[in-house]
């Protein structure tokens, strides 16, 4: 296997789930997980990779779950947006403590806490090596943070949207329930649909496919996995327009 000495991606959009930040806490944020992710992001910055970041809010609440309990969906989603801002504030602090310059931008105005999202300014910040955290989703209800990640990735012209998960990539079946499930190294957009594989919600996936935005899926709990994805090593699953049947037993 040939290992690239330079990153294969120049600019990336990293999507972290809110649940992943819980770690062993069960609710909220596990400081150890937060600091570890900040260090892994720092490694990318030191490789001159430009990093945009979207974090979910599921470690605090989910608008969809509140709607199922009877709350107005718009209100629930607004609360979910605020949860992503809380995670963004925490990550900004963790990155600053790791001596990484970053900026937090929110899709909804929150003067005094973070900047309002501005596409041109975000591009300028990325070019100067700052990490840009995009909070509050798309700023609209009924859209997931996966959709926000794909949207921001397309807007900032990222080379790939990297989704951090709790498993090693995209499997033929749920690896937790089925130990015989196979791990795919590379899939096309069409193969994802044909095999009915769950990567992200359909709106987000369709947005990425229609704009030919490659998707990378990796295990955020595996130390060094993010860097290996960036370096083009065999890690996780890459989803693009190119078809491949390669699987790892």
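Backbone N, Cα and C define each Cβ position, glycine as well.
The structure displayed is predicted, hence computed values, not measured ones.
Over all protein chains present, the Cβ of residue 58 (ATP binding site) has 21 other Cβ atoms lying within 10 Å. Per Swiss-Prot, ATP binding site is recorded for 15, 16, 17, 18, 58, 62, 165, 171, 174, and the stated evidence type is sequence analysis.
Taking Cβ-Cβ distances under 8 Å and a sequence separation of 6 or more, residue 140 (UMP binding site) has no neighbours in its chain. Residues annotated as UMP binding site in Swiss-Prot, with sequence analysis given as evidence: 57, 77, 138, 139, 140, 141, 142, 143, 144, 145.
Counting only same-chain residues 6+ beyond the ends of the region 'Involved in allosteric activation by GTP' (23-28), those with a CB under 8 A from a CB of the stretch are 59-60. Residues or ranges marked as region 'Involved in allosteric activation by GTP' in Swiss-Prot: 23-28.
Sequence-distant contacts of residue 142 (UMP binding site), defined as residues of its own chain at least six apart whose C-beta falls under 8 angstroms from its C-beta, comprise 73, 77.
In this structure the C-alpha atoms belonging to residue 165 (ATP binding site) and residue 144 (UMP binding site) are separated by 16 Å. Assigned with DSSP, the residues of the region 'Involved in allosteric activation by GTP' (23-28) fall into helix, strand and coil as follows: 0 helix, 0 strand, 6 coil.
Within the model, the region 'Involved in allosteric activation by GTP' (23-28) carries an average pLDDT of 87.
Compute the center of the Cβ atoms of 57, 77, 138, 139, 140, 141, 142, 143, 144, 145, which mark the site for UMP; besides them, the chain residues with Cβ within 8 Å of that center are 63, 80, 81, 137, 147, 148.
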